[in-house]
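Features reported for this protein in TrEMBL:
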type: SIGNAL; residues: 1-17; note: signal peptide
type: DOMAIN; residues: 207-560; note: domain 'Peptidase S53'
type: ACT_SITE; residues: GLU280; note: active site, charge relay system
type: ACT_SITE; residues: ASP284; note: active site, charge relay system
type: ACT_SITE; residues: SER477; note: active site, charge relay system
Amino acid sequence: MLASCVILAALCTLTIGKPVERNLRLHESRPTAPTGFSRVGSADAATVLNLRLGLVSSNVDKLIETLYDVSTPSSAKYGQHLSKSEAAAFLNPSDESLHAVHAWLADNKIDATTISHGGDWLAISLPVSQANEMLDADFSVYTHEESGTQIIRALQYSIPDDLVGHLQVVHPVTTFVVLGPKTASTSAGRVSLPPKQKRQSACGEGHVDPACLQALYGIPTAAATNPEPLLVTGYINEYPSASDTEYFLSTFRPDYTPSPPYNYTQIYGGGYDPSNPGDEANLDVQYTVGLATGIPVTFISVGDDTNDGTDGFLDTANYVLSEESSAYVVTTSYNNDESAISSNVFDKLCSTYASLGSAGISVLFSSGDGGVAGIRSDSCTDFVPTFPSGCPYVTSVGATTGYSPETGASLSAGGFSNVFSTPSFQASAVSAYLSWLGDDYSGLYNTQGRGYPDVSTQGVDFAIVLNGDITYVDGTSCASPTFASIVALLNDELASAGKSRLGWLNPWLYSNPDALNDITSGNNPGCGTDGFYATSDCQWSPITGLGTPNYDALKSAAGL
């Protein structure tokens with residue numbers, strides 16, 4: 001009997017600390033790494049991975065219902081935005097989901113930290129060997145061929161059966177993101193402009209500047225009286241320069257001298273090196289400061305410490321949803337290939353953007369600069385949607401060129417998401433375009449997808465100051481800050497009139513297409529095709545969206 005007890009005790013000792021065996025089910029997979037990535041080999045077993053667990057949010061359907069209620073002009077609740085805490089609460093996981101996921105982690109002796117305002121994201125750290133075992137994965141090293149950046153990812157992973165419906169995604173596993181702005185610049189040296197041009201510029205003089213945009217779109221020059229901050233996001237070690245911005249203003253907006261020209265904040269290890277400014281950061285800051293007169297502009301530098309697998313987009317969205325941020329208009333000039341993102345990650349991020357919209361925050365992104373090829377070169381067989389423009393809860397901004405009339409810029413990325421279906425607010429606009437398009441490009445794009453961009457502005461030959469020299473840049477990176485500045489100015493006028501801010505823009509925009517200048521020509525070639533064309537037969541197109549802004553008409557559409 002004693003011997004039996006000893007044997008039993010020994011068996012118990014051997015099993016203590018071993019994870020509970022669970023049946024695993026394939027959760028996410030991709031057949032190969034995205035174009036531009038190559039596998040180097042298996043990751044070192046001892047390398048520590050920093051992973052995110054995205055839990056299923058318990059009330060997303062109600063979030064979307066609420067978002068439409070407060071954002072649709074015909075709704076009785078239009079403009080009745082939620083507080084940030086109320087908006088974030090829709091993202092909360094259920095107690096059952098929290099218990100199930102934490103029990104799994106405890107069985108594997110893994111600690112977790114809650115890292116999102118809504119409580120739906122957890123952060124964990126574990127060695128590759130344990131991650132491979134827990135997730136039945138093969139974590140490997142992949143190289144991004146263009147940049148040389150190496151990342152550790154897997155092509156598939158599994159989760160326990162009892163976590164299905166509780167754990168939406170483990171990330172980054174099947175997401176392959178390396179961000180890069182698509183700004184093209186050509187140095188023109190320090191240009192000495194004659195005094196008259198310094199005071200005002202007419203469009204058509206070889207470049208676009210604030211005075212040109214103010215004249216073209218009717219943007220007011222008077223200073224805002226009830227302003228809220230406009231947030232410009234910055235990534236991949238792109239920093240603006242205050243001295244460049246001051247020179248830009250003295251040249252192109254001598255009537256306006258804010259001090260300081262902009263504010264600066266850093267998250268997740270973001271840096272600041274004004275001695276080495278980036279063209280993207282300078283562009284975004286100079287055109288928000290130069291157009292949104294009297295609006296305080298904050299540049300947020302998002303560093304490499306995010307470990308969020310989207311190069312900071314997830315963490316930036318959660319920061320904006322927190323009480324740390326007071327901005328109600330956010331512009332971002334970075335994007336990626338939609339197919340590089342796990343659809344579950346994209347869905348989680350898009351829900352966070354919906355939460356921001358329900359709190360009255362307008363989120364704008366440039367659509368990308370590769371025409372229908374997205375961020376790729378012309379070596380594509382199907383059209384390539386960009387991320388995150390496919391999310392219905394952001395406003396995607398394309399680009400135009402020329403003045404009389406404006407035409408769609410060939411670089412303007414546009415098309416249809418392969419992740420999100422056509423939302424109700426744009427259903428009739430997209431349907432009209434597809435009817436006009438007919439069978440052209442059949443099979444190259446998703447006819448049921450969310451169409452983008454939503455709107456556009458000028459995006460070619462923008463004058464900026466970089467390292468003390470005037471330089472000219474192209475891209476939808478020019479367009480998103482321009483449209484965001486207009487939104488910030490409209491919000492200021494709404495506040496002065498005692499009205500609520502615009503918030504999520506899309507239902508309002510598609511309800512008021514006449515407030516935008518219809519663009520009837522231009523196309524965005526790529527993938528060996530001419531791409532999509534703008535046409536006079538229907539206003540919306542997947543190159544310029546509904547068109548370019550008419551400030552007075554937008555003001556009227558906002559009830560001012």
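From the backbone N, Cα and C atoms, a Cβ is placed for every residue, glycine too.
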Where GLU280 (active site, charge relay system) and SER477 (active site, charge relay system) are concerned, what is their Cα separation in Å, rounded?
-> 7
For SER477 (active site, charge relay system), which DSSP three-state class applies?
-> helix
Counting Cβ atoms within 10 Å across all protein chains shown, which of the active-site residues GLU280, ASP284, SER477 comes out on top?
-> ASP284
Which value does the mean pLDDT take for the domain 'Peptidase S53' (207-560) in this predicted structure?
-> 95
Between SER477 (active site, charge relay system) and ASP284 (active site, charge relay system): CA-CA distance (Å) = 7
